[in-house]
């Protein structure tokens, strides 16, 4: 039982004043017990009230910050999405290519929703940039806008594009299941022949032809989830001459993507251009942030699953992390176009490009500017007399079927999957497995005995039917090759007559017999005519008598000869009797 300090003090003084108690001095080391507050409920209530007030103030501060970021983010519009050295750091570049809470990918026309009207800004940008383009560039820009209005891009969460059948096929076949889609553009000549803009070889090797004006292709399947930290692919520049009039782009896109537009120039696409420009949904002027690509270079793109980051490599060295918070299915995209049909990449456009400092310095100093011959002026692709052939470009895509130039991708296994999938490699047909088979080896030691016949299929005979007059006899002599070719055609047998063939018509035979009767006297004096008219060569036969390389003697010919001979003898006897 605890008592208060005042009660203890009154009790001690009372003991001193009482005569019935002796005075006792207490222990000097003894410390009096401090008083305790018995009202603990009041203290707990005050503590809870103060804690609630603190949390309320914190929540109010967070709400104010969220409202400010949401409705007062106009400063994002001042940032150039292509220039990482602008007013903001390169780490915030992902806000231009990020996605909303609903999973929709934002394009480069706006940075934060609700900040301003993106359509008005886009119209202002078009009024500024379109006059700087050629007629062909404006045509492609309008076609791309109409294409994506009619066929909106499929912006889906990562891993939701494929169905169960496609996923099983990829597991079975591995990298062998991936391929680039073929050319589907509308280039034809005056005769209607298809002129492909590019040719896909061995599924992953693409070659842009001389007929290419502006085209692109995508992979048949999106980036896979290989159960690693990231997925990665590389593109080897196998052929690209210096001062080429062809410009190509390598990157990632959504589908469907305009087949006549290179990656990076339409919505929901990012690309590394061969000129060194980095394009993110930008068909207008872009800044040069990357090295220019030459023949023999290797460009790589990687995607990290956890952070949604896209990074770019060049010749095995990582250059930069381009975007973050990407959570949609993306496809590999490759495209190329003829720069001679554009104003952006011809002489006038190159001089206006702020990144071409050397051109402006040379122009100010009065020096000659080295520009390719095809890029001196803008050409018209719709004019046959002004049409230019494109320089060929050949690119090879590596999904992991061979080693990467980027060492980290090899060590951490960033490939698209196994080369041959769960089915494995196909069997070898070079004979090494056959040599190990005991039964097949025994069969080689004891070859089968084939029948000794006239030909490979043995002795073949054709049975003679009721309406057939042909009997195959392989033992008889064959016709010559030339004669056999002439009589082997139905048309020749019915319409053409050769000097070494005989007429088999009965009417012709009767006519010959009548002529012999009328000219019997003449035949006696001219035996040559008699032989020619009455006797046939022994080795000559009609086409009807030849079949399957065999020669048949028609019994009708024998009877005809006998009648001719008998009539000849009778005519001779009559002449003698008259004499």
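Easy rule for this one: first residue shown is 1, then count along the chain.
Using the three backbone atoms N, Cα and C, a Cβ is placed for every residue, glycine included.
Taken verbatim from Swiss-Prot:
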type	residues	note
TOPO_DOM	1-44	topological domain 'Cytoplasmic'
TRANSMEM	45-65	transmembrane segment
TOPO_DOM	66-579	topological domain 'Lumenal'
CARBOHYD	212	N-linked glycosylation site
CARBOHYD	356	N-linked glycosylation site
MOD_RES	358	phosphoserine
CROSSLNK	367	ubiquitin cross-link
CARBOHYD	430	N-linked glycosylation site
REGION	499-579	region 'Disordered'
CARBOHYD	507	N-linked glycosylation site
COMPBIAS	509-525	compositional bias 'Low complexity'
COMPBIAS	555-579	compositional bias 'Basic residues'
CARBOHYD	557	N-linked glycosylation site
CARBOHYD	575	N-linked glycosylation site
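Known features from Swiss-Prot, placed on the structure.
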residue: 212; record: N-linked glycosylation site; CB count, 10 Å: 26
residue: 356; record: N-linked glycosylation site; CB count, 10 Å: 16
residue: 358; record: phosphoserine; CB count, 10 Å: 11
residue: 367; record: ubiquitin cross-link; CB count, 10 Å: 11
C-alpha of residue 367 (ubiquitin cross-link) to C-alpha of residue 358 (phosphoserine): distance in Å? 11
Going by DSSP, is residue 212 (N-linked glycosylation site) part of a helix, a strand, or coil? coil
Cα-to-Cα gap, residue 358 (phosphoserine) vs residue 212 (N-linked glycosylation site), nearest whole Å: 30
In the three-state scheme derived from DSSP, which category covers residue 358 (phosphoserine)? helix
Given residue 356 (N-linked glycosylation site) and residue 212 (N-linked glycosylation site), what distance in Å do their CA atoms have, once rounded to a whole number? 26
Looking only at the topological domain 'Cytoplasmic' (1-44), what is the model's average confidence as pLDDT? 54
